[in-house]
């Protein structure tokens with residue numbers, strides 16, 4: 001029996017890129033990840049080697065026939081261009097969320113991947129956390145009356161990470177995954193440049209016309225945390241349910257999922273649902289950005 005191997009390259013060696021290199025070099029025994037073989041990594045900075053992984057040029061990564069897939073861990077702003085280059089070179093792509101900073105670009109890239117018959121996989125480790133899996137179980141089958149998801153975190157460089165609706169798309173993904181399709185009813189953003197502070201407030205409606213609010217707040221010294229307040233006909237959920245520690249790291253879980261896709265082990269239904277969710281969230285992120293950037297309406 002011939003074991004099918006996929007040569008991979010990691011592009012970008014920030015925190016996520018280094019985690020990717022580590023996990024590709026130490027795949028989980030008898031998991032789909034054993035079918036991935038790290039060829040090297042690409043970075044604008046020069047490293048030489050990281051552990052056993054060697055640095056290669058972007059040109060080599062694109063040209064090399066032994067490299068079948070790219071793991072893209074660069075800053076958000078450059079995701080779109082990097083995905084495009086690797087798809088054009090006929091490679092499969094795993095990219096950190098958000099896959100692009102505009103909905104139009106995301107739809108184009110997805111279409112391109114389908115035309116070239118390549119896997120385009122967007123990492124969503126926020127759906128793989130034990131905390132989230134427990135929350136999803138807790139919410140299942142309950143009737144929402146109203147809810148709020150409030151995220152706080154440190155300041156991001158928006159030139160690199162994009163508008164908060166895109167850089168914070170993990171939160172939007174949670175809401176869509178928990179409560180189904182949403183419509184934006186309004187969105188505003190407060191910025192205090194001198195204080196380096198930003199707060200985006202988005203109001204949604206569920207398909208059943210129930211209100212949901214997403215607040216994305218960032219400022220110096222703000223702790224990275226999520227607060228929830230979901231009220232159902234049966235009562236309110238204000239704290240995350242207790243969750244066990246997972247024995248498998250989040251990036252490894254994601255890597256296994258990507259490898260399963262490469263091996264053709266993920267059902268058409270699952271792939272279609274995931275495609276819908278990813279593109280829908282990016283469409284909504286764009287609508288939110290448009291709402292927030294509308295000039296102030298002046299009432300005479």
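Count begins at 1; order follows the chain as displayed.
Each Cβ is built from the backbone N, Cα and C atoms, and glycine gets one as well.
The domain 'Gfo/Idh/MocA-like oxidoreductase N-terminal' annotation in TrEMBL covers 7-124.
Around residue 15 (NADP(+) binding site), there are no C-beta neighbours below 8 angstroms that are at least 6 residues distant in the chain. Look at TrEMBL and you will find 13, 14, 15, 16, 43, 44, 45, 97 tagged as NADP(+) binding site.
Positions annotated as domain 'Biliverdin reductase catalytic' by TrEMBL: 132-244.
Per TrEMBL, Zn(2+) binding site is recorded for 281, 292. The Cβ of residue 292 (Zn(2+) binding site) has 19 other Cβ atoms within 10 Å, all protein chains considered.
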>> Just to confirm: which same-chain residues, 6+ apart in sequence, have a Cβ under 8 Å from the Cβ of residue 97 (NADP(+) binding site)?
In response: 122, 123, 124, 169, 170, 173
> What is the average pLDDT across the domain 'Gfo/Idh/MocA-like oxidoreductase N-terminal' (7-124)?
Replying inline: 96
> Just how spread out is the NADP(+) site if you go by the largest Cα to Cα distance in Å among 13, 14, 15, 16, 43, 44, 45, 97?
Replying inline: 22
> Could you tell me the C-alpha distance between residue 13 (NADP(+) binding site) and residue 281 (Zn(2+) binding site) in angstrom, no decimals?
Replying inline: 26
